[in-house]
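Asker: Quick paste from Swiss-Prot:
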type	residues	note
BINDING	30-37, 147-150, VAL176, 184-187	ATP binding site
ACT_SITE	HIS37	active site, proton donor
BINDING	GLN61	beta-alanine binding site
BINDING	GLN61, GLN153	(R)-pantoate binding site
Amino acid sequence: MEIIKEPSALRELAGQWTRQGRSVGFVPTMGYLHAGHESLMRLARGRAETVVASVFVNPTQFGPGEDLNAYPRDLERDAALAKAAGVDVLFAPSPEAMYEPAAATWVEVPTLARHLCGASRPTHFRGVCTVVSKLFLLVRPTVAVFGQKDWQQLAILRRMNADLGFGVEIVGGPIVREADGLALSSRNVRLTPQEREQAPGINQGLALAEAMVRDGETAAGRILDAVRAHYAAHVPLGEIDYLSCVDPDSLEMVEPIDRPALFATAVRFSAVRLIDNRLAADLPR
């Protein structure tokens with residue numbers, strides 16, 4: 001596996017792949033990789049002749065007071081995991097290499113970005129779309145793989161990809177969970193022992209919502225109230241940032257539940273904010 005840090009070197013290599021007609025799979029990450037990232041890399045490996053992964057803690061997707069400086073970093077560890085997952089090229093640029101000092105251009109999808117995470121992180125997805133656009137232009141991927149844990153990001157990037165004509169196949173990789181149901185996240189290492197003990201309750205609350213839909217409940221409000229009660233009882237150290245029932249494509253609120261609906265949440269602990277979701281698609285007939 002080759003590690004590249006300069007965009008110009010990656011651009012030159014990607015040009016060679018294009019001329020050779022090679023299919024390229026791409027997995028963008030912020031590093032501190034775990035088994036969830038590994039699953040995305042293996043998905044890409046199964047769909048392309050060449051696999052590129054990026055490790056870049058993108059400063060433009062962090063807002064004031066967020067955890068940019070505290071976000072865990074370990075490139076040596078990341079390189080070992082990426083190599084084991086079948087990655088051919090690991091791109092690990094610096095912020096200075098990715099952004100000109102006078103950079104003033106942004107890419108955003110405001111209709112989808114205002115919901116869910118965007119309500120409390122208004123500039124987050126602008127940063128995500130901008131850096132992914134830049135990475136797409138460098139890598140020229142045939143297929144790009146993103147985790148479904150950040151469902152909103154996946155929806156936004158699909159829209160951006162279609163609107164800007166990148167022509168990349170966007171694939172969503174299933175959420176990978178710990179044995180107790182907690183969604184894998186690089187930020188989980190920053191939970192206190194007590195918070196880590198309670199954190200699986202996030203997924204349990206969403207599973208409760210999914211079960212209520214399966215049992216015939218159609219009132220989203222009643223379901224969300226039940227999930228809030230579950231969180232109050234089982235995740236008392238967490239503060240709900242949002243808890244919503246939305247259309248999986250438009251991200252608009254769903255009420256009543258008469259079609260597949262996404263239950264999505266973000267919960268804040270002392271030093272970390274965790275997101276999770278479940279798709280309730282198995283509606284009673």
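Here, residue 1 is simply the first one shown, and the rest follow in order.
Each residue, glycine too, has its Cβ placed from N, Cα and C.
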Asker: Among the recorded positions HIS37, GLN61, GLN153, whose Cα is within 10 A of the Cα of VAL176 (ATP binding site)?
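Answerer: Final answer, ordered: HIS37.
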Asker: If you measure from the Cα of SER186 (ATP binding site), which of the recorded positions HIS37, GLN61, GLN153 is the nearest?
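Answerer: Nearest in space to SER186 (ATP binding site), counting only the recorded positions, is HIS37.
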Asker: Looking only at DSSP and grouping its letters into three states, which state does GLY36 (ATP binding site) belong to?
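Answerer: GLY36 (ATP binding site) sits in a helix per DSSP.
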Asker: Between C-alpha atoms, which of these binding-site residues comes nearest to GLN61 (beta-alanine binding site): LEU33, GLY36, GLN148, GLN153?
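Answerer: Looking at Cα distances from GLN61 (beta-alanine binding site), the smallest one goes to GLN153.
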Asker: Could you give the Cα-Cα distance between GLN148 (ATP binding site) and HIS37 (active site, proton donor), in whole Å?
Answerer: 11
Asker: Excluding near sequence neighbours, so keeping only residues 6 or more apart in the same chain, what lies with its CB under 8 A of GLY36 (ATP binding site)?
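Answerer: For GLY36 (ATP binding site), the qualifying residues are GLY147, LYS149, GLY173, ILE175, VAL176, ALA183, LEU184, SER185.
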Asker: In whole Å, how far is GLN153 ((R)-pantoate binding site) from LEU33 (ATP binding site) when you measure between their Cα atoms?
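Answerer: Approximately 18 Å lies between the Cα of LEU33 (ATP binding site) and that of GLN153 ((R)-pantoate binding site).
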